[in-house]
Every structure is written in structure tokens, then in C-alpha cells.
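What TrEMBL says about this protein:
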| type | residues | note |
| --- | --- | --- |
| ACT_SITE | 109 | active site, nucleophile |
| ACT_SITE | 205 | active site, cysteine persulfide intermediate |
| BINDING | 11, 12, 13, 14, 15, 16, 17, 18, 37, 133 | ATP binding site |
| DOMAIN | 223-278 | domain 'tRNA-specific 2-thiouridylase MnmA-like central' |
| DOMAIN | 285-359 | domain 'tRNA-specific 2-thiouridylase MnmA-like C-terminal' |
| SITE | 134 | site 'Interaction with tRNA' |
| SITE | 343 | site 'Interaction with tRNA' |
Ligand SMILES: Nc1ncnc2c1ncn2[C@@H]1O[C@H](COP(=O)(O)OP(=O)(O)OP(=O)(O)O)[C@@H](O)[C@H]1O
């Protein structure tokens, strides 16, 4: 039981996690308000492709969130952030791909939509805090708040939350951070929530079928980025239909016969070249990041930590040196495969997030 009754806005996606979050906070005696962001209109996708998908933000999900709010007997609001989502997440997603990077839109959605815009709406309702169903933990350590991994290693979402700032963490709750998904599903059944058996959401909610190339071409048109496939040695091996169709580490779909397996090792969007090489060319022992967000006071020199270079990567030992202009250099104890510009590099010490930035 928390000591003081709070007014808490719960970000409700219509999924199991945020529904349980709302139910638990209500059970603890807080004044809970449900809020769903409408961020993407699926009707055109569904009309064209004739399918619906279990994503985090379709209209069905708004309906589910409303039903859950009704069953919990809490006020419920839908906020329309479609334009913000288009500008802050989708346009940047497309810009990144067309500039030769592989973006991570979930981090941007958390950063701008959930923890700036939605948090502001919560403040307008005079709420004490905003709660989400993320699997991560925020703990207070003296004056500072620290971000820790979710206790369930299979669900930990701390990587997607590295941009959180101190003022945001002071206002954000992750009630599921200390639970496993099993426990959350058991709570959902106990609360009799009709979303208890709902499937997990997709990786990228606005590309429900996973065909991001089609999505990019619908957004930006096709054909403008075609060019050569070039071996690291400089030899031209073939041609391609658009640099945005490729990502570092990719092996399939190159359409080139070569005496060794070939991988994409770099994308030079300016010259419209896809650079390929053998396995060993994918290994790099250092990277640079920009827009670094430190969760600890910015170190004055190099620190030893562990670094994760994409969501499904187990963090590895690295030396991290802050650089001027909000940048940092990361040098790995052992070379890493497939360091990908546009992805986030997040620094950890044990289960604590020390900071993170965007790979250049
Ligand atoms: N459209 C939305 N409106 C409001 N909050 C959202 C929305 N989408 C996601 N969230 C919030 O962000 C959290 C993490 O989102 P994510 O897409 O990772 O969902 P998830 O882990 O599948 O959770 P859930 O089961 O609640 O959908 C959700 O638990 C919810 O609190």
C-alpha cells in the first residue's frame, strides 16, 4: 500500500500490461485516470491489405482500452497525437532510413509522445504522475532517480527508455517493473480483464506486417535511392533498388554470387551505395554516439561499463569516454558484430542504466 493517495494517469494501450497497471493502482487506492494516445490511423492499411493486426495503437485497441477503463470504473480519455506521431516518429523513421541509418522508433515514441506530450497532458489534469506498463524500474537514490532493468530479463524494456530525464523520472511510475509477464497475466486473470490473453504487440506498431520497405515507399516514393552494391575492396558487384532496403548485418536478398558469404557492412546514402563485405568486416571494436543522455552526473573521463548496441543484444564490457557536444566514444573489450548507425547504444552497470545515445 502506498502511503498517500495519488492522482495517477495511466497510459492505456488496450494491452495486458497497461490494463493491469491501471487495475493494480486502482486496487492500491489511487485515483486513476486512463488515457490512450491515438497515434496512427490503421483504417487505410486495413482497407488495402484486408487484415487487422494486434498492434499497440489500432482503433480496436482504443476500444479495448475504453472497455477496460469502464470495467475498472475509471475516467478515460483519448488524446489524438496523430500529427505529433507523424512528425516526431514516422518522419524521423523515414529520414533515418533514407540517410542510411536503421532507426529505432520505439525510443522516439517513448521520448516525445509518452514522456513529453502525454506527461504534459497528465500534468494538465493535475495528476501527480503518469504510469505505464513498461518493464523497467525507477528508484530514488538521494536526490537522483535511477533507471533499472525490469526484473523479468525476457521483458526488460530499459533499453527503450534511455532518454528519460530526471524531471520525467520524478513523475513516472512503472508498476510492473518488479514483475514477470507470468505474474502480470495472473493479475489480469484475477482482475477478470478481457485482454488477459491478448497477444504481445508488434515490434513497430505502424508497420504491422513488418514490410517496412513498402511502408517507406508509400511514405516517400520509390526509385530515388537506387545505385551500386560495392565490395569493401572497391569492386562493384551489382546494383540495388534503394539503399533504404538494406541494413547493416543483412545477408539475405543481396542477389550476388560470391565465393564467401557476403553481408551489408555499411550504407553510403549520399553516394547511393550499399557496401558489402565478408563476416570479418562486420566486426568493429568502437563506435561513437551523439545526443547522449546521462543518468549519472556526466563523468569527467573514461568509465568502465557494459554497453548494449541493439534491443536484442546482451550488453558487453566497454570503455565509455564522454566527448564535447553531447557525444561519447565507446570502445569494446571485444569487437562487436553489426554495429548499426541509427540504433541506440545504452550503457549499464549491473541492472542500472548509466546513459545512452544514438550510434553515428
Ligand atoms: N497508444 C497508446 N496510448 C497510451 N499508452 C500507450 C500506448 N501505446 C503504448 N502505451 C504505453 O506504453 C507502454 C509500453 O508500450 P509497448 O508498446 O511496449 O506495450 P506492451 O509492452 O505491449 O504493453 P501493453 O500490454 O500495455 O500494450 C504500455 O504498457 C502503455 O502504458
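Heads up, the Cβ atoms here are built off N, Cα and C, so glycines get one too.
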Residue 15 (ATP binding site), number of other Cβ atoms within 10 Å: 24
Largest CA-to-CA spread of ATP binders 11, 12, 13, 14, 15, 16, 17, 18, 37, 133, angstrom: 16
Candidates 11, 15, 17, 343 (recorded positions) - the one closest to residue 205 (active site, cysteine persulfide intermediate) by CA: 15
Tally of residues which DSSP labels helix, strand or coil - the domain 'tRNA-specific 2-thiouridylase MnmA-like C-terminal' (285-359): 0 helix, 49 strand, 26 coil
Among 109, 134, 343, the recorded positions whose C-beta sits under 6 Å from ligand 1: 134
For the domain 'tRNA-specific 2-thiouridylase MnmA-like central' (223-278), the number of residues DSSP places in helix, strand and coil: 3 helix, 21 strand, 32 coil
DSSP-derived structure type at residue 205 (active site, cysteine persulfide intermediate), helix or strand or else coil: coil
Rounded to the nearest Å - Cα separation of residue 11 (ATP binding site) and residue 343 (site 'Interaction with tRNA'): 25
Averaged pLDDT, computed only over the residues in the domain 'tRNA-specific 2-thiouridylase MnmA-like C-terminal' (285-359): 97
